[in-house]
Amino acid sequence: MSNRDKCYQTENNSENIRTTGLQLLPKKPEVHLSFESLTYTVNTYRKLKKVKKKILHGIDGSFRSGQLTAIMGPSGCGKSTLLNVLAGYSISGSSGQVYLNESLRDEKQMANISCYIQQDDYVRDLLTVRESMTVAAHLKLPTTVSAISKASQVEDLLDAIGLSVHGDTITKRLSGGQKKRLSIALELITNPSILFLDEPTTGLDSQSCRNLVSLMMNLAHNESRTMVCTLHQPSALLFEKFDQVYVLSSGRCIYQGPPKLVIPYFAENSVICPPYHNPADFLIEVAIGEYGTGVLVELFDITKLTNINDRNKCLTISNEDNEAQLDNGEYQKNNNTDNKRLPYKTELLNKPPFYIQTYHLYWRNVIMYKRNKTNAMLRITVHFAVALLVSYIYRGVGNDAARVLDNMKFVYGTNLFLAYTGLMAVIVSFPLEYMVLKREHFNGWYTLFPYMVSVLLVEIPLQLSCCLAYIIPAYMITDQPLEIIRFGYFAVFLVATSLTSQSAGFLCGATMPLKISVFVGPVSLALLSMFGFAIRFSDIPAMYVWLHHFSFVRASFQSLLYSLYGFTRGILPCFDEMYCHYKNPMKFLTEMAFDHMNINPELLYVCFFFLCTYVLTITVIWYKLNKR
């Protein structure tokens, strides 16, 4: 096994190098999360007018370290919105204060001590569990931590999370519960103080749900983490496992406290739970208004008026308050509550430098491409097969004066084919890749630039191989001139066009939804390809002249023809014809208005278009990733 492979696979004897415990990094401080007057507003359009709609209505709450808290409520009540705002995933449109240990939340500090695990399991399907963990360790841990220590950390986490026996299993073969465990383990590498999970039990069977909730409970209790998740409607058994529940109804809080106090609390407010009824179902029924809207209004007011500490005005009852008695419809303040929390302080982790991130991201992509050889081989094979088909139709046109126009059609079709294959190869795949990128980038795995470089280091060589698989046989079979300079220009322009189209595919995939991008990209490319082929420059309407100069496909097409017929090419042979109009290649170039071309500036323009498109793509992705 090479040293390179060892970076991504832990050897069978890794048990011999493992250390006890999970603390490679200094233990991060316990963090209590609280919020005041939290409001979230979105803009909607009704009858062509912009209308502001409130999702959260000035709610308060507190989530303590060492506790597992569930945010509950019916669909559309604002559970995920609240989680997004607290995690810093959605900031625009929110107002109010979020505190970490009584200190106002700082975005950089929040990103350093927390992680957000979304409802969908966006993990790398083609990596094994151990490879996924190892790559994450290399990307998230400082370079001061040795490779052996990182491998030990990975093994300890896999043991703790219950995935050690599945370490060599491809991720796509894991069950839903195992994928969720892997998502949690990937973020535990940096030992975060706060974990946010959006509906982690969705799509899991009852046994997987119990195992997952037990895991979250252990992570909260054993490591004093603040664990906050959203749930829709848990079973009675799952409901009892939580330390706190925070219940929302139409963006307002109606209860925060231990699950066991739900029934007596609502009973004191004249809302009686039916016998043998699941308290979680009862909570949802109250929240959707089955017991009357008047009851909800009363509960909104009570939770606003009931104080449990100076900061939090929404009812908060910790497990230590379970002995509290009801008095006049309100819980008494716990005298043992410590209102003097220590100011939040922590050191930011030193992330690996650019070249280290690029290296590990690149080899992750290489591993995934090796596991999905069919896709790469199919792309190359299709290019080769199409080359044989097209070149057979146009065989011999490159050295026949009677078939110059046929050769022009061959060049146009070749240019357009390689442009489309470059475009469509990524325009469909990148939107799917973007969701994984969004999760990893938000949780601080890496910065955007090394990610893009690592993607291009894999995609560009593959597309280059596809182009050559087409160009070489097509050039030979169509009997184009066997001169190094002509073939060189021919190949370089086609490769540059294909790679530039690929960059346009990345841009379309990054800026538009998939259904729109697969339409806009091909249509735009077809429009740009018309100039120089379907219409001469002198016939172009004035309002479209800029498109002629803008089109990189036009620049490539004209340069391809010049590379074949320019450079003082001699008289062409005329086979099977009495008269060949284009026996002199310069006559053809003159009629096409290509005779005074200088193809070097055109090549520079195509390359410039390539660079500008990628710069624009990176800018757009950066904006979308950082738009909160």
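A Cβ is built for glycine as well, from the same backbone N, Cα and C atoms used for every other residue.
Copied over from TrEMBL, here are the features:
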- 33-275: domain 'ABC transporter' (DOMAIN)
- 376-397: transmembrane segment (TRANSMEM)
- 417-436: transmembrane segment (TRANSMEM)
- 448-472: transmembrane segment (TRANSMEM)
- 484-509: transmembrane segment (TRANSMEM)
- 516-537: transmembrane segment (TRANSMEM)
- 603-623: transmembrane segment (TRANSMEM)
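Here the transmembrane segment (417-436) has long-range neighbours at 120, 122-124, 379, 382-383, 386, 390, 455, 459, 463, 466-467, 470, 494-495, 497-502, 504-506, 508-510, 513-514, 517-518, 521-522, 525, 529, 553, 621, meaning same-chain residues at least 6 beyond its ends whose C-beta is under 8 angstroms from one of its own. Tertiary proximity for the transmembrane segment (603-623) is limited to same-chain residues at least six positions away from its ends with a CB under 8 Å from its CB atoms, namely 434, 437, 448-449, 452, 456, 489, 492-493, 496-497, 499-500, 503-504, 506-507, 510-511, 552, 555-556, 559. Each of 376-397, 448-472, 484-509 was scored by its Cβ pairs under 8 Å to the transmembrane segment (516-537), and the highest score goes to 484-509.
Sequence-remote contacts of a segment are chain residues at least 6 beyond its ends whose Cβ falls under 8 Å from one of its Cβ atoms, and for the transmembrane segment (484-509) they are 414-415, 418-431, 434, 459-460, 463-464, 466-468, 471, 475, 517, 520-521, 524-525, 552-553, 556, 559-560, 563-564, 567, 599, 603, 606-607, 609-610, 613-614, 616-617, 620. Confidence across the domain 'ABC transporter' (33-275), taken as the mean pLDDT and rounded to a whole number, stands at 88.
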